Structures are given as structure tokens and as C-alpha cells.
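To start, the structure under review is shown below, and the notes come after it.
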Amino acid sequence: MEEGFRDRAAFIRGAKDIAKEVKKHAAKKVVKGLDRVQDEYSRRSYSRFEEEEDDDDFPAPADGYYRGEGAQDEEEGGASSDATEGHDEDDEIYEGEYQGIPRAESGGKGERMADGAPLAGVRGGLSDGEGPPGGRGEAQRRKDREELAQQYETILRECGHGRFQWTLYFVLGLALMADGVEVFVVGFVLPSAEKDMCLSDSNKGMLGLIVYLGMMVGAFLWGGLADRLGRRQCLLISLSVNSVFAFFSSFVQGYGTFLFCRLLSGVGIGGSIPIVFSYFSEFLAQEKRGEHLSWLCMFWMIGGVYAAAMAWAIIPHYGWSFQMGSAYQFHSWRVFVLVCAFPSVFAIGALTTQPESPRFFLENGKHDEAWMVLKQVHDTNMRAKGHPERVFSVTHIKTIHQEDELIEIQSDTGTWYQRWGVRALSLGGQVWGNFLSCFSPEYRRITLMMMGVWFTMSFSYYGLTVWFPDMIRHLQAVDYAARTKVFPGERVEHVTFNFTLENQIHRGGQYFNDKFIGLRLKSVSFEDSLFEECYFEDVTSSNTFFRNCTFINTVFYNTDLFEYKFVNSRLVNSTFLHNKEGCPLDVTGTGEGAYMVYFVSFLGTLAVLPGNIVSALLMDKIGRLRMLAGSSVLSCVSCFFLSFGNSESAMIALLCLFGGVSIASWNALDVLTVELYPSDKRTTAFGFLNALCKLAAVLGISIFTSFVGITKAAPILFASAALALGSSLALKLPETRGQVLQ
């Protein structure tokens, strides 16, 4: 009996050993089956969606995640938990692996995990399309990117170029147009706003500076975020910030609040250029990219023309205003500020109908979302071309395994602002790390060279484009001063002045018992004169001064002759009653000078149209570097003609010439920046370079305008040297014509 029992026990143990070996081989076979199902490009596991012949014999576990030979075995007793106790010495797993989280140690089973299917839906682990940190070498990631770039280019060619790209072209063009408008808004409203807000010269300078400062911050901020959160989402947010604060700035009354609103408006629009060019380029095949990105640049010009035309049409109409007491005034220049927010608002509405960049989806492991967008591009273009029957044949697309560590905060962890703070810090760290990677050994030389090109181009371009109008105003002032009439030693008694005096100098005059009622004084100076028993009522003045004058028994009623207009003058027994309210500063207001600002800006922006057309047609034929260097050399040569600009018309002509030849270099620089950096760094690098561009613009404007009225040699020398240096640096960059988008 005992011998039979021992035989039976030995038989049971042998059967268990056989069953155990069978299950091990079954698990290996299932893994091999899943490897066949796994997409060659996306490395996603489709075990939940596709059936194989092996599944009937070897059903997969419920969670569907396999890690090589480390598959789970059922416990012999069946009562223990597989997650905690269901393993033996030969087939060891740990609890986290059962939940889909890979082991931390490398080697053995870890090698299978490095090449295996990415994890999906894992809390606290890696997102879909991501590999374990450090599990894939940089060489493998580079190889994956090259494969993705080649496949993505092939897919774009299959999708074709048609209605979808042209629709996106006009949508993104509105966003770029909003950036062009923003640059001109402050300059156009200053002649009118300076009186309403009582702006001193330092206040006006700060207002012009704050716009560039906001755009500099916005370019870096939104450019970095767009590589992490998506092009479309960040562009929508940035345009929303711009439109909201541009709207507020048209209603606020104080200088401080207006300055704050324009700062945040600039921060919002700063993300437009780096995101728009990156976004559009990722829908363009290689043979179309250079040309159509250059066509897109035309909308920046349209923005400048729109701003100049609206300023010309709106600001001089003083009837387009209302006033609520003396505290709230809404003049025509505020209507202009409001109208300038329209391109941004329209861009937001149109952008909501467009999809996210499929290249961004693929870079972040979102295969299905990218496939849907590319199918939309294909179907839209095929229907427009009359081929609705054509089917999008792509089934699998390569995705990049991410190495960034993701952080997920449970809903019961701390307060809501603590969770948001942790997420913000995590996102900020990722953005900063991505920015620093632009200076890695692989990209350091390109980044430093591009910094030099962007800085020199911006320094010379913005410096000269602001210097031109200032020089025109200086020439106007010189011509105006040459027509000044001088009245020496006049004696006037018992006369009533009720008309306008303009551009006059009265020296050594004597005025006895005269009345100045309803008088308008513009650029009038009284020097060494005597006023006795005179009466001033309802007098308005601009650029008017009394120097070394004496007033005896004189009354001033309802005038704007404030104390600072009396220079070294004596007032004896004189009275000021009910001085005019408003700004006590001497401002020029609107007039012929303001019209000239609009006109010059209109011509200057319109003059770049021929250069835009030429650069778009030749960009893919002669290459980016030749276009950039050639345009820079022509711009450098055009600077030497500035020495012949001794009249107003000559300076306007030279401004148009410089703008027309320099725009091609900007178009080439935008295309080159897009193509030199990979998709995961594209908007980050573009945003940083654009921020550097705004810094160089501030320096160029400050330096160039300081020489107005002193010499023209210094601006010519600085601009020529900067352009020559930029063109020489550009020739050392790699040519990107004919290359697929990284």
C-alpha cells in the first residue's frame, strides 16, 4: 500500500514538472507571436486587437504585457496571489512587473524590455511610446529619428500638397499677421497717446522697449512649451493672451496699466513666429517646404500694411471718441488699438478647426493620433483633387521612444496648487533640459553660429528701420527750422491776437495792453520781451517758450502756459486763473508728422513684397545659404547709399530699397532655422533665437537712434559690419536644401 502511495506521489510530481515546462514554452511562444504582431515602426503591442493562430492554444494573460522569459506562472496551489507570491526560483517576477512596470536592473530580462513593446496606461510609469529611461542608447534613438524622418517624408508625399496645406497657410498667416501688427501698434499711437497719458520722453521710450521685452520673453516661453505641450495648443494660448490684453489696453486709462497690458500682449504674440513656422513646416514635403515657408513670411508684411492703413484711416478721426467726465476718455487711437487685435482673434477662431502637428504626436509616441491627422490631410487633398476613392495606405508609423521621466500626482496628494506647482516645476525642468540640449556637442556649433546670424541680422535690420523714420523726422525738423520767421524789436499796443502763430521767433518785443484771446501758438518763441498790462485767455500752445521775458500786471486765464514754459522769466504782479486741465507736458500731438509716420511705414512694409516673391520662387532652386548670404551682401551694399540720403524723399527711397533686399535673408533664415533642428527641439531653438533677435533689436534701436542729428557714418558702419559678419557666419552653416525634416 505504501509503495503504491509513493508511486502515485512520484507520478503527481512528475506531472506537475511536465505541466510547468509546458507553460514555460507556451509563454515563450506567445511572446514570439506578440513580437510578430508588434508594429515595425511604432513598437506598439496590438495583442488586444489582433488574433493569431497561436492564441487559441496559448491564450494571453488579461493585461497583455510580456517581458521576455519573465512571463508569469500560475501557482501550484492556486490560492496565492500572482502579484506577490506567484513565482518560484526558476521564473522569478516582482510585483511591479506584474502591473506593467519594468525592472530597474539591466541585463537578462531587461534586454528584452529595452527592445520590447512600450508600456501603455501605466500609472506612474512611462507613457505610450516611451522606453525605459536609459534602456535605449542615444545611437538607437538617433537611428529611430532617421527612420521616422524618412518615413514621414514618404507619407507627406503620399498625402500630397493641396487644400489642407493652403487652408492651414491662411490660418497660420493670420497668426503671423498679428505679430507684424504688434510691432507697429505702439509707434503709431504714441503721437496721440502721449497727450492723453501725459507721457514724457522716458515714458515713451519705455513703452517702445516693453513691447520688445514682452516678445522676447514670449518667444522663449512659448517656443519651449510647444515642444512639450504641442504646437497648436501653445499657439492658441499665446494668441489668446495677446488678444485679451490688447483688448484691455484699448480701455485702460493710466500709463502703468497700459504699459502692463502691452507687456503681456507682447508676451502672448511672442510665441507666434517660432510656433507658426515649425507648425507649418511639419505639414510640408521637402520639395515644397522652402517655397511655401517663404510665402508664409508675406503675412508679416501684410500685418505691417494693415497696421499702417488702419492708423491712417482711424487715428486722425477725432469724432470717433467719447468722454465720460474728465476721468475717462476714449479717443480714436484707442479704436485703432482695438482694431489691431482683430487678426489675433480671427486666428484663434480659425486655428480651432485645425489639427495638431502629426510630427509632434509621433515624437511623443502618439501613433494613433498622428495617423488620424495624416489620414485627414490625405483625404482632404484627394477629395479636392477629384480622387476621393484613393485610400490612405499607411498602416504603421515609426514613433520615438521617450526617455523623459514623467510625474503623475494623485488627486489626494496635497492641495490643488501644490499639485499644479509640482507639475509646473516638472514641465519647467523638461523645457529647460530641452533648451540645454540645443547646446549639446551635436548641436553646439550650429546653435552658436545661428545665434551670431540672428543677432547681426536683427541688430542691423531693426536698428536701420527705426533709424530711417527718425532721420526723416530730423530732416523735417531741419527744414522746418530753416523756414522760421524772426521778428526783432517789435512794439505792439492795444492789439487783440485771436489767430494762430506758428514757427516764429519774437526777439526784444514790447507788448502794452494787448489781448491774446483764443490764440494758438505752435513752435513760437518770445525772447527778451516785455509784456505789460496784457491779458491771455483760452490760449493753447505746443513747443512754445518765453525766454528771459518780463510780465508786469498780466493775467492768464484758462491757458496751458505752465511754469516750465517760462525760462528765466520774471512775473511781477501777474496772476494765473483756471489753468487748462490735462497733461502739463509739451507734446506735439497728431498732425503732418504723424501722417508721415504712417506713410513711411506703409511704404517700407509694402516694399518687401518683391523680395518676398523672389525669395519664395528661388528658395528651393539656389538654396537657403546662398539666399541668406546673397541677400545680406546686397543689404550691406545698400547701406553705403545712405550717405547720399540728404532729403526726405531720398531717405524714403533708401528705406524701401533696404527692406526689399533684406527680406530674402529673413525668409532664408526662418527656413534654415526650421530645418537645422530636430522636431523635439525645433520650437525651443526657434524661440530662443527669436528672443535673441528681440534683444538685438533693442540694442540696435538704442544705438542707431542715438546718432540721429549727429552723424550718419556710425549707423552705416555698424549696419554694414553686422551684415558682413552675419553673411560670413551663414556660409559656415550646413545647407539644408533637399534634406528631409529631422
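Just so you know, glycine gets a Cβ as well, placed from its N, Cα and C.
According to Swiss-Prot, the feature compositional bias 'Gly residues' maps to 122-137. Residues or ranges marked as N-linked glycosylation site by Swiss-Prot: ASN498, ASN548, ASN573, ASN573. The phosphoserine feature in Swiss-Prot is assigned to SER80, SER81, SER127, SER393. What Swiss-Prot records for TYR480 is phosphotyrosine. The annotation topological domain 'Cytoplasmic' is assigned in Swiss-Prot to 1-169, 227-233, 284-294, 356-447, 620-626, 673-685, 732-742 on the grounds of sequence analysis. Here Swiss-Prot flags 191-205, 255-262, 316-334, 469-598, 648-651, 709-712 as topological domain 'Extracellular'. For 170-190, 206-226, 234-254, 263-283, 295-315, 335-355, 448-468, 599-619, 627-647, 652-672, 686-708, 713-731, the entry in Swiss-Prot reads transmembrane segment, with the evidence type sequence analysis.
In the predicted model, the topological domain 'Extracellular' (709-712) shows an average pLDDT of 80. Non-local neighbourhood of SER393 (phosphoserine): GLU158, each in the same chain, at least six residues away, with C-beta under 8 Å from its C-beta. Here the transmembrane segment (627-647) has Cβ contacts under 8 Å with residues 453, 457, 460-461, 464, 471, 475, 611, 615, 618-619, 654, 657-658, 661-665, 667-669, 672, 712-713, 715-716, 719-720, 723-724, 726-727, 730-731 of the same chain, all six or more residues outside its ends. Taking pairs at least six residues apart, the transmembrane segment (448-468) and the transmembrane segment (652-672) share three or more Cβ pairs below 8 Å and count as touching. With pairs at least 6 apart in sequence, the transmembrane segment (652-672) and the transmembrane segment (234-254) have fewer than 3 Cβ pairs within the 8 Å limit; the two do not touch.
The distance from the Cα of ASN548 (N-linked glycosylation site) to the Cα of ASN573 (N-linked glycosylation site) comes to 17 Å. Classification of the residue listed as 'phosphotyrosine' by DSSP places it within a helix. Taking a C-beta cut-off of under 8 angstroms and a sequence separation of 6 or more, ASN573 (N-linked glycosylation site) has the following same-chain neighbours: ILE552, ASN553.
For ASN498 (N-linked glycosylation site), the same-chain residues that are 6 or more apart in sequence and have a Cβ closer than 8 Å to its Cβ are ILE517, GLY518, LEU519.
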